[in-house]
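Chemist: Pulled these features from TrEMBL for this protein:
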{"type": "TRANSMEM", "residues": "41-64", "note": "transmembrane segment"}
{"type": "TRANSMEM", "residues": "76-93", "note": "transmembrane segment"}
{"type": "TRANSMEM", "residues": "113-142", "note": "transmembrane segment"}
{"type": "TRANSMEM", "residues": "154-172", "note": "transmembrane segment"}
{"type": "TRANSMEM", "residues": "187-208", "note": "transmembrane segment"}
{"type": "TRANSMEM", "residues": "215-233", "note": "transmembrane segment"}
{"type": "TRANSMEM", "residues": "264-290", "note": "transmembrane segment"}
{"type": "TRANSMEM", "residues": "348-370", "note": "transmembrane segment"}
{"type": "TRANSMEM", "residues": "376-397", "note": "transmembrane segment"}
{"type": "TRANSMEM", "residues": "409-430", "note": "transmembrane segment"}
{"type": "TRANSMEM", "residues": "436-455", "note": "transmembrane segment"}
């Protein structure tokens, strides 16, 4: 390969997969180690082991998927081991300083979002079709990694909220059945007691425990459930004998689990691809969250890093499909652990990934996970269902809602709930379409996406009005509320914008630097709200003319200090409310631009 060809190849790689660049950051006071810092190996191993324990508990989703697909014990053990390998590889890669990793401590775990779709497709077409769909989905996510953030208008927070609400609803039946030991209309009292102890322990720790203990609520709750099950004779020698029969070290693909030959069937690809694209958008939020944890002076998303985060997410999904297991996604629970421990060094992510891969070669660990009593699993699933329902509703209600969005959200949930509660609706559907039309997640989410696109027709991303004086402030408030509802902007952002613009109008009027009217232009692009005030006159000086000391203010005779504080107050308040303020002159006219991160 000649030098020119190599140079062109590097340029192509730089365009598609930007190289890693360390960003400037200010270390938060509550953090011991941020991304680029190097903790001792002992510290990295201790914290990495905690992250690995949290992930192993979340591997219960893989156990549920395998049980729903009626795997044998050997197949289930291998299935769980392989998903741990996939999560370990993705976690390790995510922590590297490469084109394909964020360079942050982002842990991947078996995805509860992808679990339902994986089960539905595998039940209809076979596990090979599900893994083939994951391979395709991984490639698509990798291809879209650079542009996926710009697709947030197609997949807004409300669509993700509809998906999470429907996911929570879909988990309820399986969770309650395991919780109660339901068998032909009969409730098993022992199962109910075991599950109740587990759930009460998880909830109690989540509410009243402090510090790091709260982050291990699921782990400790499961231990409490296991102890209760042992005391009631529902867990003990028989299950541990199965664990002890396994070799100490074994290849993850043993025990009867074989990697299925991928099949590429359109009916299988569509539902899984839809879920994985939304899951990838969720990983954008993970990238933003870990970036904030590492930087006390965080102002806006590091988009090259976000692109690498999504790329690694896609690689993780691709590898999961290639290895014949369910999809993986980024873990919010591990983000909480990074923040609580004060350790977010990428070195910990490398160690966590390595620990997970090693654990996957220890069959007794994965076998133990498969032997966890069903009531304990049911309690964890019910806890997850409740969490998903509330998280979905929070996403839905995080945006301002008008009649268009009301119907989009309401009908999306209604369609999904109808499919979930009335299986007879899709009983007569062609066999090849059942994974699509028979999936509450797919039908509800697709309905929300289609309605979102339809209802966007006629909605402009910009709006203008003319202000004739301070008496126009009421109309200004109504204008911003109306535009915020049309755009689906966040309540808090539009409130800040209204307060800042109102303060700017007061300042323009008070300093007499402009001639009325003032032309206002507001715009929205999913990442920020921008408001521009254009008027005839001088630009506003947003920098305080004089500094006021506390001693001067306390001096009753110093009226000048109080006057200076009052004159500076508007500029200070506007600067605090807006994320970026720019005032400039253009001939006789001046423009005040206020940006609000969204």
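Cβ atoms are placed via backbone N, Cα and C, with glycine included.
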Chemist: So, taking each listed stretch (215-233, 264-290, 409-430) in turn and counting its Cβ pairs to the transmembrane segment (376-397) that are under 8 angstroms, which one gives the highest count?
Modeler: 215-233
Chemist: Answer with yes or no whether the transmembrane segment (436-455) touches the transmembrane segment (348-370) by the criterion of at least three Cβ pairs under 8 A, sequence separation 6 or more.
Modeler: no
Chemist: Taking contact to mean three or more C-beta pairs under 8 angstroms, with sequence separation of 6 or more, is the transmembrane segment (436-455) in contact with the transmembrane segment (41-64)?
Modeler: no
Chemist: In the same chain, which residue numbers or ranges, 6 or more beyond the ends of the transmembrane segment (215-233), come under 8 angstroms Cβ to Cβ?
Modeler: 50, 53-54, 57-58, 190, 193-195, 197-199, 201-203, 205-206, 209, 333, 336-337, 340, 372-373, 375-376, 379-380, 383
Chemist: Report, as numbers and ranges, every residue of the chain located at least six residues beyond the transmembrane segment (409-430) whose Cβ falls under 8 Å of a Cβ in that stretch; write 'none' if there are none.
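Modeler: Distant contacts of the transmembrane segment (409-430): 158-159, 161-162, 165-166, 169-170, 396, 401, 437-441, 443-445, 447-448, 451.
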Chemist: Under a criterion of three or more Cβ pairs within a distance under 8 Å and sequence separation of at least 6, are the transmembrane segment (264-290) and the transmembrane segment (41-64) in contact?
Modeler: no
